[in-house]
Amino acid sequence: MAGTGVFADVLDGEVYKYYADGEWRASASGKTVAIVNPTTRQTQYRVQACTQEEVNKVMDAAKVAQKSWARTPLWKRAELLHKAAAILKEHKTPIAESLVKEIAKPAKDAVSEVVRSGDLVSYTAEEGVRILGEGKLLVSDSFPGNERNKYCLSSKVPLGVVLAIPPFNYPVNLAVSKIGPALIAGNSLVLKPPTQGAVAALHMVHCFHLAGFPKGLISCVTGKGSEIGDFLTMHPGVNCISFTGGDTGIAISKKAGMVPLQMELGGKDACIVLEDADLDLVAANIVKGGFSYSGQRCTAVKVVLIMEAVADTVVEKVNAKLAKLKVGPPEDDSDITPVVTESSANFIEGLVMDAKEKGATFCQEYRREGNLIWPLLLDHVRPDMRIAWEEPFGPVLPVIRINSVEEGIHHCNASNFGLQGCVFTRDINKAIMISDAMESGTVQINSAPARGPDHFPFQGLKDSGIGSQGITNSINMMTKVKSTVINLPSPSYTMG
């Protein structure tokens, strides 16, 4: 159970503590932030409302701890990460329980997120040893006009203090995808979890604490964005920001100055369906891609662009599958669970009502109870409808009928987003050409968009992000190249 057993230190009465300098603390503010259960719409947990002064102390401790950590042998860093991964997986049940109650994640998916997170940390440890254990040697006579009298030795060194800000929908997995690379690379890390998902993140951080990482190396501060949000992202002690979320990331990027940024900011992932596609495969992937976790995924299918000739058939197949989805509370392993907040549900409803006023075809009756919205497919959506462009982050999916591939590509590329997309066709040549034409960070062929496997590159174009994620890319992003040049008194040549 959350906050009990090995996690008892995380809880102070009814309020979860924040983590600083190797210990769990109550904030001097005396204030708390409520976490509302999306299903019951009642306060489920409370976390500390940290102050700016507490953030300053966390940053000071992180800076000191990082200097020592950078001198820790690479194998030792990896060893501790493996230990944290094992502890995380061992205690998956209470963490998954928090995910169910904080963000209404279906129980089976909540457990999977924790296990996947442990696997990610272990892989990061192995990958870090591989890529950080290698250097590079350059010799001067490979560039015109130079003799062989200079040797350049280059290696990767840490950036310093990494600020990690994960989103509510994967508060554990998208936290460790930042924590693991930062730590193996020799950085310290300050985590600011989302409010919804903070308790699961705090439990995850305790697993790193139990693994024995040095004091001050990892910190986790909770609180109101209005109080510590900008203060964190603009803090002079931060040397790198890794953020996953929405429009807030654009604001951060404008304020971050010279700090390296890694950002994933959402998408309007397009699914282009050609006449020659396997229509059963298409329908299965539209349902999986568009409605898993109630559509609250950055890589969810968010608009279907389908050739008119096969549209009726696919819509019929999708509707048949939607009718079989289980709608209800996450504890029952429902397929469709409540969206995370009432404001999210209201936003989704606004998109639905706009589509209704403008003549979209409702394949199901629109139904909502509190934060719970039943799955809805909207056919005959036109570009003048908001849902054609805006990201609902809910179980509502628009279908736009097209008469040419070019029309589909044009709609995809007219979006200000460019995270992922997918194309369904049996013609691999067409698939590759369409992929090349789509302005998306990743294009899936004959499968719905997906973030994983976690070692694959993951990046967005346009307003969908800055930089690339994935384990290898994240490690490289959280380091900088350091070169040492050896100047010889005279040219050196190989034997012979």
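Residue numbering: from 1, along the chain as shown.
Each Cβ is built from the backbone N, Cα and C atoms, and glycine gets one as well.
What Swiss-Prot says about this protein:
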{"type": "BINDING", "residues": "Arg116, Asn169, Tyr170, Arg297, Cys298, Thr299, Arg451", "note": "substrate binding site"}
{"type": "SITE", "residues": "Asn169", "note": "site 'Transition state stabilizer'"}
{"type": "BINDING", "residues": "Lys192, Thr195, Asp230, Glu391", "note": "NADP(+) binding site"}
{"type": "BINDING", "residues": "Gly245, Gly246, Asp247, Thr248, Gly249", "note": "NAD(+) binding site"}
{"type": "ACT_SITE", "residues": "Glu264", "note": "active site, proton acceptor"}
{"type": "ACT_SITE", "residues": "Cys298", "note": "active site, nucleophile"}
{"type": "MOD_RES", "residues": "Ser404", "note": "phosphoserine"}
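Here the features listed in Swiss-Prot are painted onto the structure.
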| residue | record | Cβ contacts under 8 Å, 6 or more apart |
| --- | --- | --- |
| Asn169 | substrate binding site | Ile103, Gly197, Tyr293, Gln296, Arg297, Cys298, Val340 |
| Tyr170 | substrate binding site | Glu113, Thr244 |
| Lys192 | NADP(+) binding site | Leu163, Ala164, Ile165, Cys220, Val221, Thr222, Ile228, Gly229, Leu232 |
| Thr195 | NADP(+) binding site | Val33, Ile35, Val47, Phe168, Thr222 |
| Asp230 | NADP(+) binding site | Lys255 |
| Gly245 | NAD(+) binding site | Ile165, Pro166, Pro167, Pro194, Glu264, Leu265, Gly266 |
| Asp247 | NAD(+) binding site | Leu265 |
| Thr248 | NAD(+) binding site | Gly225, Gly229 |
| Thr299 | substrate binding site | Gly267, Asp269, Gly289, Leu419, Gln420, Ala448, Pro449, Ala450, Arg451 |
| Ser404 | phosphoserine | none |
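Taking the Cβ of Arg297 (substrate binding site) as centre and 10 Å as the limit, one finds 24 other Cβ atoms among all the protein chains shown. Note: the CA-CA distance between Gly249 (NAD(+) binding site) and Glu391 (NADP(+) binding site) rounds to 15 Å.
Counting every protein chain shown, the Cβ of Cys298 (substrate binding site) has 28 other Cβ atoms within 10 Å. Of all residue pairs in the NADP(+)-binding list (Lys192, Thr195, Asp230, Glu391), the one with the greatest Cα separation is 25 Å apart. Cβ atoms within 8 Å of the centroid of the Cβ atoms of Arg116, Asn169, Tyr170, Arg297, Cys298, Thr299, Arg451 (the substrate site) belong to the same-chain residues Asn173, Leu174, site residues excluded.
Between the binding-site residues Gly246, Gly249, Gly249 has the most other Cβ atoms inside 10 Å of its own Cβ, all protein chains included. Cα separation, Gly246 (NAD(+) binding site) to Arg116 (substrate binding site), rounded: 23 Å. DSSP assigns Thr248 (NAD(+) binding site) to a helix. In sequence order, Phe243, Ile250, Ala251, Ile252, Leu265, Gly266 are the same-chain residues whose CB sits within 8 A of the CB centroid of Gly245, Gly246, Asp247, Thr248, Gly249, the residues recorded for NAD(+) being left out. Put simply, Arg116 (substrate binding site) is 26 Å from Glu391 (NADP(+) binding site) when counted between their Cα atoms. Figure note: comparing Cβ neighbours within 10 Å for the recorded positions Glu264, Glu391, the maximum is reached by Glu264. All protein chains included, Arg116 (substrate binding site) registers 20 other Cβ atoms within 10 Å of its own Cβ.
Under the DSSP three-state reduction, the residue listed as 'active site, proton acceptor' is assigned to strand. Its Cβ taken as reference, Arg451 (substrate binding site) is surrounded by 20 other Cβ atoms within 10 Å in the chains shown.
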